[in-house]
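Asks: As listed in TrEMBL for this protein:
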COMPBIAS  13-22  compositional bias 'Basic residues'
COMPBIAS  607-627  compositional bias 'Gly residues'
COMPBIAS  628-637  compositional bias 'Low complexity'
COMPBIAS  638-652  compositional bias 'Gly residues'
COMPBIAS  653-666  compositional bias 'Pro residues'
REGION    1-22  region 'Disordered'
REGION    576-691  region 'Disordered'
REPEAT    136-169  repeat 'TPR'
REPEAT    247-280  repeat 'TPR'
Amino acid sequence: MPVGTTPVAPSLRRPRRRGRGRAGRALGGGALLLLLVGGCAYYNTFYYAKKHYARAQKIEQASKTERLPPEAIKFYDKAIEKAAKVIVQHGGGWRAGIDDALLLMGASYYGKRDYETAIGKFNELRINFPQSRHAAEALFYIGLCYHELRNHAAANDAFESLLRDHPRFPRRDEILMLRAAEREAEGDRAGALRHYARLLEEFRHSRLREKALDRVGGIHFDAARYDSALIAYGELARTTRDDAVYIEAQLDAGASMVRMGTPEEALALYERILPPDPERNESAARIWLAMAEARNRGGDHLRAIEHLSSVVASFESRTEGAEAQFQIGYTNEVHLKDYEAARVAYQAAAASRTRSVFKDQAARRLENLNYLVQMQAQDGSEESDLNQRAQAALRVAEFTLFDNEDRAGAAGRYADVARDYPGTPAALRAAFARAWIYFEHPDLDTLGEARGLLLDLAAGHPAEPQAEGAVRLLADRGEPDSLLGPLRTAIRRARREAALRDSLAAADSLAAAQAMADSLAALQALRDSLAAARADSLAALRAAADSPAAAAGDSLAAAAGDSLAAAAGDSLGAAAGDSLGARPEGPGSRVPPQRPEAAPRGRVPDGGEGLGSGPRGRVPDGGGGPESGPRGRIPEGSAGGTAGPAAGGTPGGTPPPAGAPEPPPLIEAEPDSLNEPPPEAPTGPGAGEPR
């Protein structure tokens, strides 16, 4: 509930006076007794409410996770229940104690992280009991709730009202600390520093002083103001009485010295705070890790590995041991280029049984290292083509820049790619990347090459994506429009030409696809023609089988010969010739040009059945026909269809050689064979079933 809303206030009417005299005194005595009993009930209920709240607070403080323990929620709910009972039972006529119950209810909701409900209870207290001794504390809790809800503006308003209306509020240092945190969350570092400075000046004995000094040092350190950070950390180390805080402050001061370019001073500081028995002191692990960082910054990588090895030897089973193994691998990989030693260290860190974030980092570095070795091998391989080797070399350079954070080494590798693989896409990317590194880090551009690299990219390769990026970088660096205007015009012209080429290529592809579709349609027409011819042939054969014996030979010859020759031969020649002649050939055609293969003797192409083309040479539907051989088969040596186009038969047949005798007619029946009686019908099991 936002500040300023008016909830329904409980009734606060006073009880009426009773009669006078003995009866009145008797009634007055009874009222006093009831008052005492009611007071005992009130204090008893409120006592348990406070007890449950304290129990919940204790459980929450003992928890080692950010998650609110369910046991704490249970006791917060009990505290809310008891406080609500106090308000319900005594809110009608007893003014004292209701504000205490409301404050306790709001604090319990705050503990449960139900901030909206808590704000409502605190506002109810402030509105109904404006003169309560808890009014300022309720406003303070309102600011805390808005702070947790990330409503920084409302939190700031609440804290401003508290400081203005309650100048003697005892928790003003907490307000300044929270307001500074609000400024940090909003990115206002200067405002945060002002609030921290005010806290340090006005509350020299506050328990928040150490935290404020640490945050002042952190803000300056993150802003690369290492001299100011060193002052804050030094003051913290000088004034604290906590040994752990002292060690951390000195380590942060040493890190500031390292980044100021004085690693020797940092090493001297670390030597002073190193305990006499480092193998038995847990703080020694942190100090050795800091000393290794200082050694690496100073270029003494072997001594850095010695410090890290000391951590591994004494604290292998702790998180510091996993971190040290990771740092050993990183030092070998990035600084010493000893990839095998780095691989061994990364494997040891990844296999650690501790819950260290460096386990996952070591596993990723190990994977990247294996990839780097593979790319380097591919870069030098003679089996890979030029583009593959160029891409491998480019990946090695990118790995050096982004994973190893070695900008100077990456710039050198990019230069090698551009030199060794000219004219490849990788060379253009490498040139742009090197120019970008030089622009971001001018101290590495000792020869002033960045501007020339970008101009070469923009003018020499306007159609490439790196050209536009080069012009953008040049514009960011203040190059005049008189130089950049012609470059932009050339880039636009090159893009239009590239788009036109793409359109022409797309049109050619569309034409090829249309030709392919036409050829597929022609093939489908051919298949339909063959199916129709087959159906006509089968119909003719069935008609011949059902006709009188005298007309069987003539109709069979006419149907099988003329129908097949006219329908199948003509349609096949027309459809196949036209469709295959129209089929696209050459590159890009999905259907390559083919010559129609000769069909087996006696068979119609595409599965069409001619005479005797049923299973195992049988006539379809079991019709044997005259002289059909045993079991209805065509006599041996008969083709079942005609010999080919030369004979007027099925297309695809082999024509007879020159000088060969004329083939016999399809059916050569003897005059008396037509008068023979038909064979007896089969009897017995399975009779009448199709064979």
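A Cβ is built for glycine as well, from the same backbone N, Cα and C atoms used for every other residue.
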Asks: Counting only residues 6 or more past its boundaries, what in the same chain has a CB within less than 8 Å of a CB in the repeat 'TPR' (136-169)?
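Replies: Counting only partners 6 or more residues beyond its ends, the repeat 'TPR' (136-169) has Cβ contacts under 8 Å with 2-3, 102-103, 106-107, 110, 113, 115-116, 118-119, 122-123, 125-126, 175, 178-179, 181-182, 185-186.
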Asks: Can you tell me the mean pLDDT for the repeat 'TPR' (136-169)?
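Replies: Across the residues of the repeat 'TPR' (136-169) the model's pLDDT averages 92 on the 0 to 100 scale.
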Asks: Write out how many residues of the repeat 'TPR' (136-169) are helix, how many strand and how many coil, based on DSSP.
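Replies: Its residues fall into 27 helix, 0 strand, 7 coil.
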Asks: Under DSSP, the repeat 'TPR' (247-280) has how many residues in helix, strand and coil?
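Replies: For the repeat 'TPR' (247-280), the helix, strand and coil counts are 27 helix, 0 strand, 7 coil.
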